[in-house]
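Residues or ranges marked as (6S)-5-formyl-5,6,7,8-tetrahydrofolate binding site in Swiss-Prot (evidence: sequence analysis): 22, 79, 119, 453. Feature annotation from Swiss-Prot assigns domain 'TrmE-type G' to 215-376. Sequence annotations record features per position, and here Swiss-Prot assigns K(+) binding site to 225, 244, 246, 249 based on sequence analysis. If you look up Swiss-Prot, you'll see 225-230, 244-250, 269-272, 334-337 marked as GTP binding site, on the strength of sequence analysis. Sequence annotations record features per position, and here Swiss-Prot assigns Mg(2+) binding site to 229, 250.
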């Protein structure tokens, strides 16, 4: 952890009504004496002149002083809030840097200091950047929930439960002469299953939080001429894909990135799936399957004029059987303007079924609402937290250790191996909040922040 005193502009570069210079570290009071001529009363707004060493006034504004550890970073912090012209702010930073021992902060270094001083855990620190970068009200609310500790609390609760179970297992190993066989009395198995269930719930919430932050990848797939490219154009609101009556027009992957009420959606149009002797079309079909395998959702596009079926297993069983397990599928029956079928939304064999006309736009708004719902859109903006890819990976790793531990217990009654899997699970979970985290990971996370944050 650095003991340097750092300084940076905390507001965005450019012209604005107010500009803020932030100083954090032991020399913050020295800066106050040099620039203001006094140290402001802690946590009180002080309207004063910001002066050169000669006494010439650079600007007038509000000075705020926070005595550590009662500050954002846990150190002494001075904020100078002046007028937002970039020249004025540059002059003020130049003046502050005349105090010996200061340096310009690196991106994210104020948040990193807060993390190092236990003012924030890692998920809360990341939530600051996510709140700044939020592209929707839902993303902003979820990031704020993470900043306030909702995600951290759930992870800490899991760590505590895993730790307690590990201690119980190790006690059973250390005292083998006790009359009760702790490994087979059912208590450990019940506790382990309870933890696995809770972790499953956190994983589901985290995946939803990741979609809110990073967007959902939706692949439009189906046979040639089902209307896949027309649907891409309808969702994107522009002519992104060429649409013709010729089967196999789309031979490569087409991508569109759109926002539905601010929520990011990555739409992938793919080549029509069929057996073909055309070499180029074969390559396009393989690329289509590559996209399907990494999708969050598949829109199974069906030409409604070719079949009345709504159950995807009946429409094309080979396609459904080839899909990855747990990949969500929405059946989209296209060309409702020609079939005359009702636009009702139904569920068949566990899959949502939508009737639309990609050409005329009938039913497309309902499909958009469906996609928003899948991404976690909530009109009341209550609940949920933001999550990143690294959080999902850590949760997956923790889950795998729990399942391995369960196998060691149920199949082999191997208490030592169960205890080791619980220890590995504990470490994986603790990486989320930064309890056990490499310096390389910390550097990567905080370097993506804004300077001054």
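Positions of Cβ are set from backbone N, Cα and C atoms, glycine also.
On the structure: features taken from Swiss-Prot.
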residue : record                                              : DSSP (3 states)
22      : (6S)-5-formyl-5,6,7,8-tetrahydrofolate binding site : strand
79      : (6S)-5-formyl-5,6,7,8-tetrahydrofolate binding site : strand
119     : (6S)-5-formyl-5,6,7,8-tetrahydrofolate binding site : coil
225     : K(+) binding site                                   : coil
271     : GTP binding site                                    : coil
335     : GTP binding site                                    : coil
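Ranked by Cβ neighbours within 10 A across all protein chains shown, the binding-site residues 119, 228 are led by 228. A mean pLDDT of 89 is what the model gives for the domain 'TrmE-type G' (215-376). Among the binding-site residues listed here, namely 22, 79, 119, 335, 335 has its C-alpha nearest to that of residue 225 (K(+) binding site).
Packing around residue 225 (K(+) binding site) is summarised by its Cβ count: 22 other Cβ atoms lie within 10 angstroms of its Cβ, all protein chains included. Counting only same-chain residues at least 6 apart in sequence, those with a Cβ under 8 Å from the Cβ of residue 335 (GTP binding site) are 227, 303, 304, 305, 357, 358, 359. Within 10 Å of the C-beta atom of residue 271 (GTP binding site) sit 27 other C-beta atoms, taking all shown protein chains into account. Neighbours of residue 229 (Mg(2+) binding site) among the binding-site residues 22, 79, 119, defined as a Cα within 10 Å of its Cα, are absent: none qualifies.
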